[in-house]
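Taken straight from TrEMBL:
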TRANSMEM  A:12-35  transmembrane segment
TRANSMEM  A:41-60  transmembrane segment
TRANSMEM  A:72-96  transmembrane segment
TRANSMEM  A:123-144  transmembrane segment
TRANSMEM  A:156-176  transmembrane segment
TRANSMEM  A:188-208  transmembrane segment
TRANSMEM  A:229-246  transmembrane segment
TRANSMEM  A:296-327  transmembrane segment
TRANSMEM  A:348-367  transmembrane segment
TRANSMEM  A:406-426  transmembrane segment
There are 2 protein chains.
Amino acid sequence: MRSSLQHPARLVPLAFLIAIAIGTALLLLPIATAGSGGTDFITALFTATSAVCVTGLIVVDTPTYWTPFGQAVILALIQVGGFGIMTGGTLLGVLISRRLGLRTRIVAQAETRTLDLGEVTSVLRLIFVATLVVELTIWAALAARLHWEYGEPLPLAIWNGLFHAISAFNNAGFSTYSDSLVGFADDWLFLGAIMLAVIVGGIGFPVLADLRRRLLHPSKWSVHTKITLLGTGALIVTGTLAVLFYEPVADGTLNPLTFPERLLEALFHSVMTRTAGFNAIDVGALRSETLVVTDVLMFIGGGSAGTAGGIKVSTALVLILAVWAEIRGEADVTAFHRRFSRDVQRQALTLIVLAMIAIALATLHLLSVTTFSLERVLFETVSAFATVGLSTGITGDLPPSAELTLVALMFVGRVGTITVATGLALKRSQRPYRYPEERPIVG
Amino acid sequence: MRSSLQHPARLVPLAFLIAIAIGTALLLLPIATAGSGGTDFITALFTATSAVCVTGLIVVDTPTYWTPFGQAVILALIQVGGFGIMTGGTLLGVLISRRLGLRTRIVAQAETRTLDLGEVTSVLRLIFVATLVVELTIWAALAARLHWEYGEPLPLAIWNGLFHAISAFNNAGFSTYSDSLVGFADDWLFLGAIMLAVIVGGIGFPVLADLRRRLLHPSKWSVHTKITLLGTGALIVTGTLAVLFYEPVADGTLNPLTFPERLLEALFHSVMTRTAGFNAIDVGALRSETLVVTDVLMFIGGGSAGTAGGIKVSTALVLILAVWAEIRGEADVTAFHRRFSRDVQRQALTLIVLAMIAIALATLHLLSVTTFSLERVLFETVSAFATVGLSTGITGDLPPSAELTLVALMFVGRVGTITVATGLALKRSQRPYRYPEERPIVG
Ligand SMILES: [K+]
Ligand SMILES: [K+]
């Protein structure tokens, strides 16, 4: 116990386990559920894990199954989970740069350009202020829109606005509407506010801190900020184009719509894969090819040390840039006139391979205990791992062992990537001798 | 044209293109088809490509659609393709070791342990002899079994034995039986001979040459031989266990069988994924989870510079060992007291990522022009890329654009991996300056 507390990377999973346990206990209270007698253990555990891990997968209908008390518990768990992962990720990032800084001064200097805040309290305060400012702004916008445009009574509009502002900034994807945001499918203002909150929350605090200090001096941004912004933009455009390309066919979900409506739907779906999980479109009706593209986008996810999930944009870009350098015959992997260390390349590779293994094992288990097709099962497991929360609708029909698999996958996806990344960055044991080099044939 | 001939890695694709063109022309002859008027262009192109690339995917039934002349053409194309890829892969391997040897003497010494044959003619002769010995042995065994056990008339038994001996050693998967080898599902001797030919042909010539010289001195085997043998064994066991685990359930393909029958079926299916493509089981009736495991095994494929396809066992192991080293915090990637260079790690990564991209693009196209499910389409594209030839039965029902996609995928899978691997190993341009190092956040 003592050694697990001493290793800082293990504090995050421990804190999340405690939050999930408390959340499960609260949701098991009879006053949390609309029916009599309270809910069952697996439903409470699944919902608490989904909320704390800001995933948004649900086995029961949020607005009708849970009472206002239950919904408030879910909202509190989302806020705790989102704030926890943002601060945890940021502080572990600071820690890594400090530790590496003790060894190689150049790396540390480059690293502190990404985030050179002095104190833990300072980080906590800044994240708290950022959360508060964004959530209050979006809350006001959503509540006003719900009251004046959709005629919701003011208290209800305030509650729904608050719920969706918190859920969006924390990339949680929970909604107090049974059909998520399908009712706002042609509302640029409402969906625009949601998208803004999702992107700001999911881009990661190191990027926000960098932008806050040097917004008007892009050339001084850290390479992490640059590749995260570039990658996020490219992924959003790719997702939008894919939906616009695949879905307007006969029988496709976008077929009956005008072009502006199609564009909004495609853009919104694409942004939600980074990894918010609201839907304004019937995900279960999407074509297989759209689901596959969405799988890839969800797997990559959002920015590091933010509320988004997935392996992270920067991780994917490090690997893509390594492949690109190899194709061009370059010895160094570079971006924006900066070189990436060999270490960080192998860490990115390891993270991605471990993520694929976790998803593959969960997919095999779900396939073996259900009759659902591979496209639907894979979509579900990727969505759970990357804490997206989108679903083709199979979540509520899974047997208990599959639900528990998703619980484990959400937890591993939420805290596993950051824990593994920190562990790999801090662990380094050199053998006292080296073996002779030999080249196996490749390909 | 001159520059493409000068670069040795480009000779292999060029030779394969010529063989495919000649094969297509021969199959277009009216005497090649049983019906009147000859076949259409796409069918001839698809079949010739599948034969030359030793894949085995078919859009028409080999024994009834093609005449004995047509079948003889297919058999000749298989032999040319198998011999071509084995010699091409081996010679390019020798070339790489020579070129690298000019720069770093240590690497070259380690490399020549894998294959230190002096001359091109010597390599050709050795491969020719190996092919002849194995094919004649298996031919005799199969023909005898077909004649005495199954009562086939001697000329027919000799023809069928020859066809399957060549098809098996070259990992081609073409069969003169409409149901492939389902009729031999409980015949340990017949399937055993096929498996032996498949494994020997698919393990790769560098391993065969190493074993031939030092069979009784395992400690002196090259690291390439060791990891290829170890990896092949592990993959065969994994595949066998997966089929035994998933298929005996109610409605599963192995459910009605006794345990020895199940074991034979599972073992045979597993060996065929390295990447021979015969089937003694109804692949279209396999469960989704078995198909997914098979996808992974097919993607990895067989040994380098042999008749097998896929990204190759050694490529996969280099990447897995890199991940394992990272998890243990080791700076070096090692196996059997040997260290792998950084270069070969990044080459393996690049090969795998490019393979995944090719398969993903083909999968998206097939999904968008057909109504087949993801599990069946993905199985088909992985089978085509890794030149396996197993199919859930959709090959004959694809629209022309999908057939052409598979033609391209078979070609890229067959000659692309070896061409890319050679190109990467020989290409190396160092910039005259290095950028400062900076560490993005990963995970
Ligand atoms: K989410
Ligand atoms: K094959």
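FYI, residue positions are counted from 1 along the chain as it appears here.
Backbone N, Cα and C atoms are what each Cβ position is placed from, and that goes for glycine too.
Values in this document were obtained by computation on a predicted structure and should not be read as measured data.
Residues 16, 19-20, 23-28, 32, 66, 73-74, 77-78, 80-82, 84-85, 167, 170-174, 276-278, 307, 309, 380, 383-384, 387-391, 395-396, 398, 400, 403-404, 406-407, 410-411, 413-415 of the same chain lie 6+ residues outside the transmembrane segment (A:41-60) yet bring a C-beta within less than 8 angstroms of a C-beta in it. Counting same-chain residues at least six beyond the ends of the transmembrane segment (A:296-327), those with a Cβ under 8 angstroms from any Cβ of the stretch are 53-55, 82, 85-86, 89-90, 92-93, 169-172, 201-208, 224, 227-228, 230-232, 235, 238-239, 270, 273-276, 333-335, 340, 344-345, 348-349, 351-352, 355, 359, 382-383, 385-388, 390, 413-414, 417-418, 421. At the 8 Å Cβ threshold, with sequence separation of at least 6, the transmembrane segment (A:406-426) comes into contact with the transmembrane segment (A:72-96) through 3 or more pairs. Sequence-distant neighbours of the transmembrane segment (A:12-35) (same chain, 6+ residues past either end, Cβ-Cβ under 8 Å): 4-5, 41, 43-45, 47-49, 51-53, 64-67, 69-70, 73-74, 77, 80-81, 84-85, 88, 92, 411, 414-416, 418-419. Contact check: the transmembrane segment (A:156-176) against the transmembrane segment (A:348-367) gives fewer than three Cβ pairs closer than 8 Å, residues 6 or more apart, which falls short of the contact criterion. Sequence-distant neighbours of the transmembrane segment (A:123-144) (same chain, 6+ residues past either end, Cβ-Cβ under 8 Å): 82-83, 86-87, 90-91, 94, 117, 157-158, 160-162, 164-166, 168-169, 189-190, 193-194, 196-197, 200-201, 205, 208-209. With a cut-off of 8 Å between Cβ atoms, the residues of this chain six or more beyond the transmembrane segment (A:72-96) that come close are 8-9, 11-12, 15-16, 19, 23, 26-27, 32, 47-48, 51-54, 62, 66, 111, 114-115, 117, 120, 123-124, 127-128, 131, 162-163, 166-167, 169-172, 174, 201, 204-206, 304-307, 414-415, 418, 422, 425-426. Sequence-remote contacts of a segment are chain residues at least 6 beyond its ends whose Cβ falls under 8 Å from one of its Cβ atoms, and for the transmembrane segment (A:348-367) they are 299, 311, 315-316, 318-319, 322, 374, 377-378, 380-382, 384-385, 398, 401-402, 405-406, 408-409, 412-413, 416-417, 420-421, 424.
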